[in-house]
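Residues annotated as active site, proton acceptor in TrEMBL: Glu103. Annotation comment: TrEMBL describes Thr25, Gly26, Ser27, Thr28, Asp81, Gly82, Ala83, Asp84, Lys94, Gly95, Gly96, Gly97, Lys121 as substrate binding site.
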Amino acid sequence: MNAKKAAADKAVELIQSGMTIGLGTGSTAYWAIHRIAERMNEEGLRIEAVSSSKQSEELANQLGIPIIPFSEVKSIDITIDGADEVDRDTNLIKGGGGALLREKIIASNSNRFVVIVDESKMVPTLGKFPLPIEIVPFATELTIRRLEQLGCRPVIRMADQATFITDNGNWIIDCHFDEISNPGELGERIKTIPGVVEHGLFVRMANTVVVGHADGTTTVQ
Ligand code: 5RP
């Protein structure tokens with residue numbers, strides 16, 4: 001069994017008719033969006049959704065999932081999204097797909113934030129996966145120097161030999177720390193750097209983590 005799909009299918013069981021759903025981004029969220037569409041077709045599930053990226057919005061549109069603009073959202077019942085790493089305290093690194101800013105806005109405005117991962121994403125300590133940080137392109141060099149002072153090796157994210165541009169028109173710096181022993185403190189220090197829009201540390205935000213394995217799922221919290 002596909003472990004990402006297994007986690008996604010399990011999480012989508014939490015959705016009920018009438019809910020407003022936050023849609024994540026990435027290859028695991030892809031399966032959740034597909035499963036939501038299946039439940040709409042098979043069981044008549046009625047939901048509306050907000051999307052964390054243009055990519056997921058396009059997929060939702062193709063599958064007939066109604067998307068509402070964020071400006072019209074009163075509250076989000078459940079957001080289901082993937083992660084790049086999950087530590088023992090269910091802190092996360094997110095942003096491998098470059099959607100961390102909208103993902104964080106949606107997750108932090110949700111009554112329940114459900115994270116779906118395959119077991120390879122579960123780690124004792126965050127940091128092997130480079131931490132994505134969204135910055136404004138203005139004064140990139142200065143912002144990068146400030147990030148270096150935090151002890152990381154910053155790399156400007158590229159795509160197709162050009163600088164990767166987020167849905168918000170910003171750049172992503174992937175910061176190689178190797179180990180992040182105190183994600184809460186690091187996140188606060190990163191946020192003090194002018195030029196940083198948001199970082200991919202999601203500290204104490206996940207309410208539930210559904211972990212997919214080859215033979216089923218386990219749920220943390
Ligand atoms: C996108 C994200 C994704 O949730 C994260 O990168 C995990 O992706 P995948 O499910 O493809 O492994 O944060 O910005």
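Note: Cβ is positioned from N, Cα and C throughout, glycine not excepted.
For the binding site of substrate, formed by Thr25, Gly26, Ser27, Thr28, Asp81, Gly82, Ala83, Asp84, Lys94, Gly95, Gly96, Gly97, Lys121 according to the record, the largest Cα to Cα distance is 16 Å, rounded to a whole number. For ligand 1, the neighbouring binding-site residues among Thr25, Ser27, Lys94, Gly96, Lys121 are Thr25, Ser27, Lys94, Gly96, by Cβ distance under 6 Å.
Distance noted between the C-alpha atoms of Gly96 (substrate binding site) and the residue listed as 'active site, proton acceptor' is 11 Å. Of all the binding-site residues given, namely Thr25, Ser27, Asp81, Lys121, those whose Cα is no farther than the 10 Å limit from the Cα of Glu103 (active site, proton acceptor) are Thr25, Asp81. Across the binding-site residues listed here (Lys94, Lys121), the residue whose Cβ sits among the most other Cβ atoms within 10 Å is Lys94.
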